[in-house]
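K.L.:
Take this structure first; my questions come after.
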Amino acid sequence: VSYGTAGFRGNASGMEYVFFRMGMLAALRSKLKEAAIGVMVTASHNPEHDNGVKLIDPQGEMLAQSWESLATALANVTNDQLIEQLKQIIDSQKIPLSNASVFIARDSRPSSLSLSRAVLDGASAFGATCHDHGLLTTPQLHYILACYNGGDIKVDEEHYYQNYASAFKALLNVVSLFSRFHQRIFYLDCANGVGAAKLTKLAERIGANIIDIVVYNDGQSGKLNENCGADYVKVQQRAPAGLNMEPFHRYASFDGDADRLIYYTLDSDCNFILLDGDKIAALFATYIRDNLKKASINLRLGIIQTAYANGNSTNFLINQQNIEIACTPTGVKYLHEKALTFDIGVYFEANGHGTITVNQECKNKISAAAFDPNKSAEERFAAKKLKLFLDIINQTVGDAMCDLLAVEAILQDKNWSVKEWYRIYTELPNRQAKVQVADRRIIETGDAERKVILPSMLQPAIDELVRKYPSGRSFVRPSGTEDVVRVYAEANTQENADDLAQQVSLAVYNIGGGVG
């Protein structure tokens, strides 16, 4: 098994030993960092029979990449080798045998309770003080851990609800003074996951008179992520089970642990319209840019994308909005790291996982501008709106609940329905495919996975194919877990995008050692 961006994932059966060992590793990490470490038991958008475990560093960030290899090594040794492997980790990292604190939470999968107990047992084996937070969304555990290590030792789940409900209401109290229209009711698919109960609690703190959320797939019946949830809607381009859609009503979906969010609707001809992570990022970035400009605040704003970002989203942001773009390899850890290099960084994967980062110095600058007597009333108002908007964001990780509130607040401020949001740019038709190969390791990429380095003949072949299609673009990348190569293609029509994806897939098959 291998520790990836989302930790370990796989069929829950027989994985207890992995969870037990990650409890031990969390205790060691806590001793080294002299801070609490989080462990989340979840497999996110995976099927219900899967499960997973990932560690969270002190400020709510993902586990340091240098420790991913340590986690993989620890998970793969035999029981007879376990003690020696632990000693190697302690010696190589110079870990003091001091106190440890581990925060644990789980999603709503049937296997999560027993597997979280395995984590508790592993952490306790090293004398760690364990805090079992029970059922939480993944972002909630990130938030609680960051607050605790930041000095708020009494932080709990209720603290999360009160913080973000108050921030949302504060912004709406400001923007609603100028608002003429807002669709108060919208419809949310919670993937039969933990997000349903948690979103209900958050909505109660806000009040139905402000925002009225109708929840579908709340876990009362149906399996987790089965024919529902953000990943299903994104891939299938259709409504989740149990949801009957009407044109230009607002619909959204979480994934199983509520760290992904996508919106969607129908047009007047009942064609399905998806507003994914690209559209959310564009909405957030333009709102921030507009208010920075109105407040006369000079900060470096950037959007971080992967190669999967739709070409027209990139063109819109660069050419029409004059917003700086950076591209990283696929994986939240790369996006988040790059976002931190900007004063304000906005990142979203197309799948709907993303957030906004802003450093404390910049937050202080925005707050000061809101009360600066040397600024005009319009400038102070824009600065105040921006401060309140950023207060809604969970900066530690992509958080479907916070991102949902942020989208709703912007639509309220702009007096936009989902129709106006969708029309900010038109996405290029695209298609994803995968090709089975004998050995994915022979495919090497560069330029943030946008170009193939090896085999040397493959990229020229892709370039030649792309030139045949208007607005054509395509890239390929090897899977991180299986011997397949993933293909992405886009063009001016869906027919051309499909054809380009097929032709590039054939090139990968012929040059990259396809099998089957």
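Residue 1 is the first one shown; counting continues down the chain.
Just so you know, glycine gets a Cβ as well, placed from its N, Cα and C.
The domain 'Alpha-D-phosphohexomutase alpha/beta/alpha' annotation in TrEMBL covers 31-67, 79-146. If you look up TrEMBL, you'll see Ser44, Asp255, Asp257, Asp259 marked as Mg(2+) binding site. Annotation source TrEMBL lists active site, phosphoserine intermediate at Ser44. The domain 'Phosphoacetylglucosamine mutase AMG1' annotation in TrEMBL covers 156-261, 276-416. Residues or ranges marked as substrate binding site in TrEMBL: Glu349, Ala350, Asn351, Arg477, Pro478, Ser479, Gly480, Thr481, Arg486. Residues or ranges marked as domain 'Alpha-D-phosphohexomutase C-terminal' in TrEMBL: 452-505.
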K.L.:
Which of the binding-site residues Glu349, Asn351, Pro478, Gly480, Arg486 has its Cα nearest to the Cα of Asp255 (Mg(2+) binding site)?
P.N.:
Asn351
K.L.:
To test your reading of the Mg(2+) site: which residues beyond Ser44, Asp255, Asp257, Asp259, same chain only, put their Cβ within 8 Å of the Cβ centroid of those residues?
P.N.:
Thr42, His45, Asp107, Thr137, Thr138, Gly193, Ala230, Phe254, Gly256, Ala258, Arg260, His353, Ala400
K.L.:
Which sequence positions outside the domain 'Alpha-D-phosphohexomutase alpha/beta/alpha' (31-67), separated from its termini by at least 6 residues, show Cβ-Cβ distances below 8 Å to it?
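P.N.:
For the domain 'Alpha-D-phosphohexomutase alpha/beta/alpha' (31-67), the list is 3, 5-13, 15, 18-19, 22-23, 25, 93-107, 109-112, 115-116, 119, 123, 126, 131, 136, 138, 141-146, 148-150, 191, 223-226, 229-231, 255-257, 259-260, 332-333, 336, 395-397.
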K.L.:
Just to confirm my parser: what is the rounded mean pLDDT across the domain 'Alpha-D-phosphohexomutase C-terminal' (452-505)?
P.N.:
95
K.L.:
As a quick check of your reading of DSSP, tell me how many residues in the domain 'Phosphoacetylglucosamine mutase AMG1' (156-261) are helical, how many are strand and how many are coil.
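P.N.:
Breakdown, helix to coil: 41 helix, 16 strand, 49 coil.
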K.L.:
Using a 10 angstroms cut-off on Cβ to Cβ distances, just flag whichever of Asp255, Asp257, Asp259, Glu349 is the loneliest among these binding-site residues.
P.N.:
Glu349
K.L.:
Here's one to test understanding: among the binding-site residues Ser44, Asp257, Asp259, whose C-alpha is closest in space to the C-alpha of Gly480 (substrate binding site)?
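P.N.:
Considering only the listed binding-site residues, the nearest one is Ser44.
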K.L.:
When the domain 'Alpha-D-phosphohexomutase alpha/beta/alpha' (31-67) is classified with DSSP, how many of its residues are helical, how many are strand and how many are coil?
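P.N.:
Final tally across the stretch: 6 helix, 13 strand, 18 coil.
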K.L.:
Taking 10 A as the limit, how many CB atoms besides its own sit near the CB of Arg486 (substrate binding site)?
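P.N.:
20, counting other Cβ atoms within 10 Å of Arg486 (substrate binding site).
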K.L.:
Could you state the CA-to-CA distance between Asp259 (Mg(2+) binding site) and Glu349 (substrate binding site) to the nearest Å?
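P.N.:
Their Cα atoms are separated by 12 Å.
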K.L.:
Just going by other Cβ atoms within 10 Å, which of the binding-site residues Pro478, Gly480 has the emptiest spot?
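P.N.:
Sparsest of the binding-site residues Pro478, Gly480 by Cβ contacts within 10 Å: Gly480.
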K.L.:
Summarise the domain 'Alpha-D-phosphohexomutase alpha/beta/alpha' (79-146) by DSSP state, stating how many residues are helix, strand and coil.
P.N.:
38 helix, 13 strand, 17 coil
